[in-house]
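Features of the protein shown, as given by Swiss-Prot:
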| type | residues | note |
| --- | --- | --- |
| BINDING | H83, H182 | heme b b562 binding site |
| BINDING | H97, H196 | heme b b566 binding site |
| BINDING | H201 | ubiquinone binding site |
| TRANSMEM | 33-53 | transmembrane segment |
| TRANSMEM | 77-98 | transmembrane segment |
| TRANSMEM | 113-133 | transmembrane segment |
| TRANSMEM | 178-198 | transmembrane segment |
| TRANSMEM | 226-246 | transmembrane segment |
| TRANSMEM | 288-308 | transmembrane segment |
| TRANSMEM | 320-340 | transmembrane segment |
| TRANSMEM | 347-367 | transmembrane segment |
Amino acid sequence: MTIIRKKHPLIKIINHSFIDLPTPSNISSWWNFGSLLGLCLIIQILTGLFLAMHYTSDTATAFSSVAHICRDVNYGWLIRYMHANGASMFFICLFMHVGRGIYYGSYNMIETWNMGIVLLFAVMATAFMGYVLPWGQMSFWGATVITNLLSAIPYIGTTLVEWIWGGFSVDKATLTRFFAFHFILPFIITALVLVHLLFLHETGSNNPTGLNSDTDKIPFHPYYTIKDFLGVLLLLMAFMILTLFFPDILGDPDNYTPANPLNTPPHIKPEWYFLFAYAILRSIPNKLGGVLALILSILILALMPLLHTSKQKTLTFRPITQTMYWILVADLLILTWIGGQPVEYPFIIIGQAASIAYFTIIVILMPIAGMIENNILDLD
């Protein structure tokens, strides 16, 4: 078996990636989220495949086809709710994974980090298009509002929006193409994940100390396979509790009403995992400015390697930057809350303050904190 494992052209790749991979001996449970994201992707592809067998991407029948899946298809309700809540679990793991990367300075592995940002954008695009497919009220109006943001692009904006819509409004053509893209993107994401892993295995994993761990590596299997398996069990337990006991807790009641272009819902908002970016978008009164802030709220992650001023890689031994980091986490939670609130006082001013704080902490305060810590520790 050992000979096949190390000699066979295909199994050899798997062996070097998941079995004999030299791994730092001290990586914590925060490093589990990569494998959990892989699990989430597999769950989403499988449940999505079975949903696609029964779904029809036509404005006249899309809503009723989802109802048909839940009522008439064997375990259709389970597949549908696993897919809907699987997206939420996916984003929880994504945010934890990115948060770990920021805390432990993993952004210094630039190729891996940049590929991660591309993956984040791809997953967000996939989730957005998936939310449109049930063709409920929030699906329709969410698609209308978010795609309409592109009209803020000077000169070509309006043409671009109509090109994406396939007409003069969100209609059958839009739904059909969104379904096509929603189906193909997870497979593109899978390919990007392999590139992400390829870049990671060029440098090897980071660790909580941020120090070089070449002298203290252990094989991935069995140590981290068993550790990842525990993470998988915990994730599946939380996932099935969410899916079986509280399937609609993260959804919007408006999406149980069929799409009606003549009736606007009182509060148009995306799924919970986009609310922080939506709050940043809404906090700027200018349309183009809002769109730029929305894109920058994610793209700012690409600046992290340039904004790293500390002589230490991680935040493990840096209490000032640690404080900034946890304020940033709290700020993101505030933005998520604000994104789900109506556009009125005091939510507008809180959203604007939280948006300013978000960019200020990342661009100004964390780099300054890094320099202060260098001086305190006399590392310059």
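Glycine is treated like the rest: Cβ placed from N, Cα and C.
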- Query: Is it true that the transmembrane segment (77-98) and the transmembrane segment (347-367) have 3 or more Cβ pairs under 8 Å, skipping pairs fewer than 6 apart in sequence?
  - Reply: no
- Message: Applying the under-8 angstroms CB criterion, which one of 33-53, 113-133, 226-246, 347-367 scores highest with the transmembrane segment (178-198)?
- Response: 113-133
- Query: Reported as an integer number of Å, what is the Cα distance between the residue listed as 'ubiquinone binding site' and H97 (heme b b566 binding site)?
  - Reply: 17
- Message: What whole-number Å value do you get for the CA-CA distance of H182 (heme b b562 binding site) and H97 (heme b b566 binding site)?
- Response: 23
- Message: I'd like to know if the transmembrane segment (320-340) touches the transmembrane segment (113-133) in this structure, counting it as a touch only when three or more C-beta pairs sit under 8 Å and are separated by 6 or more positions.
- Response: no
- Query: Between the stretches 33-53, 226-246, 320-340, 347-367, which wins on the count of C-beta pairs under 8 angstroms to the transmembrane segment (288-308)?
  - Reply: 347-367
- Are there any residues in the same chain, six or more apart in sequence, whose C-beta is under 8 angstroms from the C-beta of H83 (heme b b562 binding site), and if so which? Q44, T47, G48, L51
- Item | Contacting positions for the transmembrane segment (347-367) when only residues 6+ beyond its ends and CB under 8 Å are counted | 279-280, 282-284, 293, 296-297, 300, 303-304, 307-309, 321, 324-325, 327-328, 331-332, 334-335, 338-339, 341
- Can you name the residues of this chain that are 6 or more positions from H97 (heme b b566 binding site) yet have a C-beta less than 8 Å from its C-beta? F33, G34, L37, G116
